[in-house]
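What TrEMBL says about this one:
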| type | residues | note |
| --- | --- | --- |
| DOMAIN | 95-521 | domain 'Amino acid transporter transmembrane' |
| TRANSMEM | 98-120 | transmembrane segment |
| TRANSMEM | 126-147 | transmembrane segment |
| TRANSMEM | 177-197 | transmembrane segment |
| TRANSMEM | 255-273 | transmembrane segment |
| TRANSMEM | 280-302 | transmembrane segment |
| TRANSMEM | 322-344 | transmembrane segment |
| TRANSMEM | 356-377 | transmembrane segment |
| TRANSMEM | 402-422 | transmembrane segment |
| TRANSMEM | 442-463 | transmembrane segment |
| TRANSMEM | 469-488 | transmembrane segment |
| TRANSMEM | 500-524 | transmembrane segment |
């Protein structure tokens with residue numbers, strides 16, 4: 001027998017369906033073949049009586065709270081008088097704290113990790129480490145506000161709400177559309193960075209394969225012919241082959257176009273479920289990067305000199321005015337605010353959400369710190385200059401480095417599987433808002449995909465600087481979703497309840513100032 005629970009906040013409406021409840025003491029055995037006691041049958045009749053009254057519009061006729069069972073106390077009851085407890089449907093998909101922490105870590109570990117060493121170089125080593133720690137703490141606190149924001153709304157049922165729903169509740173249509181806009185900025189920024197990086201990795205992979213095949217073929221021919229080829233004689237042919245290869249294999253002119261053939265059809269898939277199977281590749285790639293960084297640091301050793309304000313030929317000062325470039329990168333690197341509520345809903349122990357979120361942020365911060373410090377510290381200065389650290393630190397290694405080649409291959413394959421998932425999220429948000437359908441027609445989807453792909457190709461050709469792309473997109477989307485909206489969502493209910501103190505108002509207003517300053521500063525770097 002199924003009981004439909006009346007909605008407490010909307011009398012006359014039925015919110016959910018619950019199986020009939022039997023108190024545990026009234027159950028003879030958990031074996032479904034065992035019959036239950038007479039007390040349970042009486043309780044069944046009583047609840048059945050209440051369920052007949054729910055057809056009335058009078059809320060006073062709704063069953064009392066003590067009669068309605070809790071989700072964890074649900075038992076199946078059949079007309080034959082048999083009752084047995086079953087696990088909730090949600091319980092089978094709940095995750096332990098360890099899995100939840102790992103899921104947050106895996107979700108945040110994106111392309112930003114490749115730009116952390118460059119960001120530390122832009123800020124200076126000492127200041128960069130301090131900013132990384134402080135930004136992690138600030139974004140953690142704002143993420144905590146986002147996580148608890150649905151529970152601060154008492155007037156409606158917020159069980160299935162996400163943060164955009166909270167923004168719509170407090171700010172109306174403006175909050176809904178602005179949160180959508182800034183969410184799209186983060187997604188499109190990530191997709192542009194992915195296109196630039198995929199072009200980079202595909203180019204370097206082709207360079208490695210061409211170099212290895214060309215060297216092997218040239219050596220094989222020399223051994224077979226057993227002749228000594230003069231440098232001038234072989235150089236002309238090699239130079240001609242290199243020029244021809246470079247014409248058709250250019251990092252900015254041709255390779256970004258080649259990706260269209262592969263990725264445009266993948267973007268047109270109706271569902272992203274196929275690509276979701278490959279999310280484990282992200283974990284493998286990050287773990288391999290950590291191993292690669294460790295090996296390189298051990299081989300190269302540390303090359304550090306501390307010059308606090310004055311630069312030298314080989315080293316950068318510890319404090320530099322370019323530090324906002326790092327804050328922009330880190331805002332995106334620590335960004336998970338738009339999906340943290342969804343991730344933590346699957347946590348088995350909801351009372352540990354804050355602890356698990358804090359541990360996850362700690363692990364993410366330590367990972368960024370580890371990669372950033374080791375790459376910056378082991379960069380060989382002299383003979384090289386620290387200022388030569390690239391926005392993608394893999395570009396500091398030659399194309400013929402086998403370990404780096406494997407890293408590029410792993411990242412390339414991972415991004416090819418993640419890119420369609422990002423495109424799917426963009427399509428769902430855009431098409432859902434404007435047309436009410438995630439896939440209105442093939443033509444609509446094609447136009448959107450051509451815009452997304454065209455944006456990536458243009459950036460890969462004319463401005464392939466992932467550091468700047470990440471810092472701008474991070475600062476812009478972080479303005480609303482990391483700083484402004486969480487601060488306002490925290491202050492508004494406290495103000496309405498008369499519990500907002502001056503100190504809290506000043507501190508949370510300062511978060512908004514930080515977000516605005518972070519965006520403005522990017523245009524002066």
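Residue numbering: from 1, along the chain as shown.
Including glycine, each Cβ sits where the backbone N, Cα and C put it.
A TrEMBL annotation is a machine prediction, not a hand-curated record.
Put simply, of 98-120, 126-147, 177-197, 442-463, 469-488, the stretch with the most CB pairs closer than 8 A to the transmembrane segment (280-302) is 98-120.
Residues 100, 103-104, 107-108, 110, 112-113, 115-116, 118-120, 122-124, 127-128, 131-132, 135-136, 139-140, 142-143, 146-147, 150, 161-164, 179, 183, 186, 189, 350, 353, 356-357, 361, 364-365, 368, 467-468, 470-475, 477-478, 481-482, 486, 518, 521-522, 524-525 of the same chain lie 6 or more positions beyond the ends of the transmembrane segment (322-344) yet place their CB under 8 Å from a CB of it. Contact counts against the transmembrane segment (177-197), taken as Cβ pairs under 8 Å, peak for 469-488 among the stretches 126-147, 255-273, 442-463, 469-488. Touching of the transmembrane segment (402-422) and the transmembrane segment (255-273) is concluded from the presence of at least three CB pairs under 8 A, sequence neighbours closer than 6 excluded. Relative to the transmembrane segment (442-463), the listed stretch 255-273 leads the set 126-147, 255-273, 356-377, 469-488 in CB pairs under 8 A.
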